[in-house]
Amino acid sequence: TYIGSIVASVNPYKSIAGLYDCAAMERYSRHHMGEIAPHIFAVANECYRCLWKRHDNQCILISGESGAGKTESTKLILKFLSAMSQHSLELSSREKTSSVEQAILES
């Protein structure tokens, strides 16, 4: 559940199919935090949006008891940020290519 911009989560101690896959990353990348169910990808997406869209520095604090899933949560956030950064690079590359192709076509 969310507590403001904080997500409180529980380590299920097992894998849950579909919870952290590419489809989940895609779903949370298209929504702002609070629009759909609470998820660590929603927090990561908000961080990514603030960092790259608004140029605001970001920090994510992950806290919990031993065995609570802090390391796994960190890995999931890094997985999401990496995927979003790669996606942005691919879009940027395509836009540059399109601009070059357009310039060639116009000459």
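Cβ coordinates come from backbone N, Cα and C, glycine included.
Remember, TrEMBL labels are computer predictions, not curated facts.
Database features (TrEMBL):
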DOMAIN    1-107  domain 'Myosin motor'
BINDING   GLY64, GLU65, SER66, GLY67, ALA68, GLY69, LYS70, THR71  ATP binding site
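Sequence features, as recorded in TrEMBL, placed on the structure.
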{"residue": "GLY64", "record": "ATP binding site", "Cβ contacts under 8 Å, 6 or more apart": "ASN11, LYS70"}
{"residue": "GLU65", "record": "ATP binding site", "Cβ contacts under 8 Å, 6 or more apart": "none"}
{"residue": "SER66", "record": "ATP binding site", "Cβ contacts under 8 Å, 6 or more apart": "none"}
{"residue": "GLY67", "record": "ATP binding site", "Cβ contacts under 8 Å, 6 or more apart": "ASN11"}
{"residue": "ALA68", "record": "ATP binding site", "Cβ contacts under 8 Å, 6 or more apart": "ASN11"}
{"residue": "GLY69", "record": "ATP binding site", "Cβ contacts under 8 Å, 6 or more apart": "SER9, ASN11"}
{"residue": "THR71", "record": "ATP binding site", "Cβ contacts under 8 Å, 6 or more apart": "none"}
> How many other Cβ atoms are found within 10 Å of the Cβ atom of LYS70 (ATP binding site), counting all protein chains shown?
Replying inline: 14
> Taking the centroid of the Cβ atoms of GLY64, GLU65, SER66, GLY67, ALA68, GLY69, LYS70, THR71 as the ATP site, which other residues of that chain lie with their Cβ within 8 Å of it, listed in sequence order?
Replying inline: ASN11
> Mean pLDDT for the domain 'Myosin motor' (1-107), as a whole number?
Replying inline: 84
